Amino acid sequence: MNVAVYSRKILKHEVLFFNKFFKQMDDLNWNPIIEEEFYLQLKSQIGLKDGFDTFNSHKDFISGIDMAISIGGDGTFLKCVSYVRSSGVPILGINTGRLGFLADTNTADFEKTLDKITKKDYIFQERSLIQVETEENIFGDRNLALNELAVHKKDTASMITVEAYLGGEYLNSYWADGLLVGTPTGSTAYSLSCGGPIMSPGCAVHFLTPIAAHNLNVRPVVVPDHIPITLKAVGRDRNFLLTLDSHSKPVKNGTEIKLFKANFTINVVKFKENGFFKTIREKMMWGIDQRNE
C-alpha cells in the first residue's frame, strides 16, 4: 500500500509518536511517500533512513498512491488537500492539535486506526470545494478552498464594503470587517466564530457569513452551491486581503471575485463510530453540565 504522509512540524513531545508511527507502517509493509520538507525533519529528528520517495506539489500525486495521511491540526489537513486536489486520493487525518474537526482520529489511537485501514474498516465522505477566479488569476493553480474564502480589510481599522451577487442577482452590500463564503466543511471553521450556521457535510450549499457586520440586521445566508457567487470589495484602502483557507493574497480595491463549486470532491476517510454530530457534540461539549455528573 502506497501512502503519502504529510505533517508540518515535529514537536519534541511528538518524536516518540512518529517513531512508532513509521515503525508500524514498516510492520504493515506500507510504502510511505513523504512530503519533502517533512522528510528532512524526520531524518534529523527521529533518524529516519534515506531512500523514501518524496513529493512537494500536487503534480507529484500520480496514480499509485492509495491514501494520504495528514498528521497535525486542521491547518495541516487543509495543506494536504492542496496536494491531493483532484487526484481522488482519500485523506486520513490524525489530529495532534486541539479543536480540529477534520481529522477522525488522534495520536493515542493511531495503532488501532492503521489496523482499521488495513482491514478496510472505514468509509469515504465526500467534501465539496470552492473554486475562485479573479481577472489577474492571483492564486494561480492554488485557487481552491475546502473551508472558505475570506475577504478582509488589510491595512487600517476602517470597515470595508463587500458587494455580493448570487447568479448575477444583487444580494447585499456588507459593511463589515470582511465576508466569508464557504462550504459545509468550512461551517465549523472561521464562520463558526462569526455566528455562522453549522452545516452537515452532505449539504449541497454554500454560506455567506459577515465578519463583525456594522448592520445588526445582517445575518449569515445559506444558498444552493450550484449558484455562482460574485464579490466586489470597495473601501478607503487600495488593497484588501483575500484568503483561501490558509493561503492569502492582497487584491486591489474593486477587484471582482467569482466563486463556484469545484467540479471534483475530496474523499475524507471516516470511521463509522465517529459521526459528524458525535464529533460536534464532543468538540463543542454540548450537553455537558456538572449537574449531570
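Yeah, the Cβs are placed from backbone N, Cα and C, and that goes for glycine too.
Caution: TrEMBL annotation is automatic and unverified by curators.
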Checklist entry - Which residue of ASP60, ASP66, ASP177, ASP225 does TrEMBL report at the same NAD(+) site as ASP74, GLY75, LYS79, ASN147, GLU148, THR188, ALA189, TYR190, SER191, LEU192, SER193, ALA212? => result ASP177
Checklist entry - Across all chains shown, how many C-beta atoms besides its own are within 10 angstroms of the C-beta of GLU148 (NAD(+) binding site)? => result 26
Checklist entry - In angstrom units, rounded to an integer, how far apart are the Cα atoms of GLU148 (NAD(+) binding site) and ASP74 (active site, proton acceptor)? => result 13
